[in-house]
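Visitor: Mind looking over this structure? Questions follow.
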Amino acid sequence: MAAAPPPPPPPQLQSSDPSTPPQETSQVRKGKKSRGAKKPRRAAAAAAASTSSAGTMVEDPFLVLAGGKEGGFLELEEIDEADFGIFGGAVEDLGEIDRKAGKDQKKKKRKKRKRGDDDYALPGDGDLVVECEEEGEKGEKRVKKKRRSRKKRKVKEMEEKMESKEDVSDDNVEDMQDGNDMEQDNNDGLILGEDEVYAWRELRLHPLLITAVRRLGFKEPTPIQKACFPAAAHQGKDVIGAAETGSGKTLAFGLPILQRLLEEQEKAMRLSREDESTQDENSRESPLRALILTPTRELAKQVCDHLKEAAKFLRIQVVPIVGGLSMEKQERLLKRKPEIVVGTPGRLWELMSTGNQHLIKLHSLSFFVLDEADRMIERGHFHELQSIIEMLPVTNGSDEQTVGTTPSCETVPILQIKKRQTFVFSATLALSANFRKKLKRGLVTAKASASTDLSSIEALSKQARMKPNAEIVDLTKASILPEKLEESFIECSDDDKDAYLYYILSVHGQGRTIIFCTSIAALRHLSSILRVLGINVLTNHAQMQQRARMKAVDRFRESENSILVATDGFARGMDFDDVRTVIHYQLPHSTDVYIHRSGRTARKSMAGCSIALISPADKAKFYSLCKSLSKENLQQFPVDHAYMPAVMNRLTLARQIDKITRKNSQENANKSWLQRNAESMGLLLETSDSEEERVQGHKQRKATSANLQKLQQDLSELLQRPLQPKTFSRRYLAGAGVSPLLQKQLEELSKRNVKGSASVNANKGSRFVVIGQDQIEPLQALQNSGQEVCVSIDKQREKRRLAENWRRKKQKEKKSTREQKRKEKRIAKERD
């Protein structure tokens, strides 16, 4: 708003002397040319000053500003973003703003000193200079015109800046995703060509998701992804999917979720451009849209990482919620209102029961996912899953009822309120013929069956209120295990399992290897023995802290020849690049666990090897396992028994060392426990041992320590030498029997002995540990010399029956021949 224009100068200030010399006028004109528009300001300022000094009453209270920098009128001040530290909506640090403001003030003061005090003098200073007395009314009109044009320019500049800011905020996704990030990825060489992802375009995948797929390097969808995506993303159906491990089930449900959320965001953006109030309301709240449950913490983090990679350039947040980590930190993550939450049932229910607002407000939940559902339904596990399912809002498939039954639907846009989709994925699937009829009945009696136990995938799907038209995708009928998986076994005793395992790791230890145990005690024993033998192994089991488990997983991913010893909890869904070998140190208790164990290798159409160590006590379980997998023949892993004596020598020393160290550590732990508890209770420990017993104990400990050092030294000497077969002799080397490989190995061994630098590191692929044999992967050894053995119980029984019949037949023939000979002898005697 502008104030009234300043009045003309009073008559006493106008020059009334006609004898004014013309030199003054010329000086004024020169000043006008040099100082531009500042002359009218000084004239108005002089007029205001003279008026105030004359004591006249000024009606306009803002007239005193006529000579200031404001230009004689009031207007909205134009804010410079740089002056207030605002860049793209973000405010700089206040201290930095103050420092910048101080620098600007100093610069202005320096300018004042250079120009002189008369340029910035305020009315009432008493020493104003009048320079344009002869201009009169023409000068005032010129000043007003310049002020109007200046005001229009400022308003226009402000409008342009505001429009540019709105454009940046509205097109933030397109500019960021299609601009800088894409350009950076292209420069890095991580994106495939557009013609290489034609199969994804046929599925009508969102362009931003196609960009993510190109960046991840997925040229075409896997069969499970191709089958599930149209039904889930475009038809809005529930999906029950089953496929072999490593087939891409995570993106099979992850991409439809991201597709739907992106489409809803685009609709919301279009509506917000038409109605600004809707945009303000939508920007305030981001409700929970997708809840994904997994049985293990590692799998939850892996699923979260995969979804984050797919949604890297999207305005969609994905947060993992698992046990073993700080609840306070996870609550802070949930305060950000992420659209997708991936977690385990235990920690999710713990946060729900404490009243976390983001998790209990499920009115806008559009996706509910159960990954590895066959593990979820095991009896005695995941009681929290049933409680979480009971908290889900009841919807019968109509949008109107969903809106009516939502208590706080005012904060959720209508386009976000969708029929909830339920996804159930597993590596195994067993559904009855009338499963769809059960689902139809389950929708009516969902509340009545809420108290039933989740004993099967059918019961789980029924309680999760899946719709009768759910899409069932079962790709496990032909082959449950990966196609390129080579299965094998080794028959040995329980005591020899360690020896054969060490043989595999030392002779064929190439590539990443996972060793599975059924018990934590066996895992600890095995990892301790392998570490004594110089093999650096990683461990992962349920009694470890979550940070240690995550660290072990990261270290396993980093090294190409790493070895991990884990329990069955690690067998579910974990995806590692290029795991070459899986070893079953102990057979699992069920076929499903065996499938998940073996599925850690041969993923993404790559080859892999599985080796099972079978003891006499495991034979019945092993044959039952083969029968359930419809396997009649299985390859027996080739073992060169000439190396086993050298392996047993090392293993014997390692077991003795491990036994002594375990005993010492147990004694130290007991002593520290007694001392710690005695100190906490304020008691003094008294030893009842006599002096002789103490001396005897000291001597025994000293002898044990000396024995331990000797054993360690002997083992170190053995480990410094390569494994030698029993028939190998260094004294008598037949020239004809020395192969080029053996000759090369002997030359290398002699060089090492001369240099004195022989060392063994079990995790280096270039190490030399075996004489007479080149180090190859177990898969290659199995393909080269593996022999198929019948593992079918029925066939073995048939073979035994045939062998028994043949034996009886032979016995009868022998008996008949003997009787025939006796008769002939008797007849011959009678004749004589």
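In case you wondered, yes, glycine gets a Cβ from its N, Cα and C as well.
According to Swiss-Prot, the record shows the following:
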type	residues	note
BINDING	Ala243, Glu244, Thr245, Gly246, Ser247, Gly248, Lys249, Thr250	ATP binding site
COMPBIAS	1-12	compositional bias 'Pro residues'
COMPBIAS	43-55	compositional bias 'Low complexity'
COMPBIAS	156-167	compositional bias 'Basic and acidic residues'
COMPBIAS	814-832	compositional bias 'Basic and acidic residues'
DOMAIN	484-645	domain 'Helicase C-terminal'
REGION	1-59	region 'Disordered'
REGION	91-173	region 'Disordered'
REGION	800-832	region 'Disordered'
MOTIF	198-226	motif 'Q motif'
MOTIF	371-374	motif 'DEAD box'
Visitor: Over all shown protein chains, what is the count of other CB atoms within 10 A of the CB belonging to Lys249 (ATP binding site)?
Guide: 26
Visitor: If you skip the near sequence neighbours and keep only those at least six away, which residues in the chain come within under 8 angstroms of Gly246 (ATP binding site), Cβ to Cβ?
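Guide: Those within reach of Gly246 (ATP binding site), by Cβ under 8 Å and sequence separation of 6 or more, are Pro482, Asp575, Gly599, Ala602, Arg603, Lys604.
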Visitor: Quick check: with Ala243, Glu244, Thr245, Gly246, Ser247, Gly248, Lys249, Thr250 left out, which same-chain residues have Cβ atoms within 8 Å of the centroid of the ATP site Cβ atoms?
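Guide: Surrounding the site, in chain order, are Thr222, Ile224, Ala252, Ala427, Arg603.
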Visitor: Would you mind ranking the binding-site residues Ala243, Gly248 by how many other Cβ atoms sit within 10 Å of each Cβ and giving me the lowest?
Guide: Gly248
Visitor: So what's the average pLDDT for the motif 'DEAD box' (371-374)?
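Guide: It averages 87.
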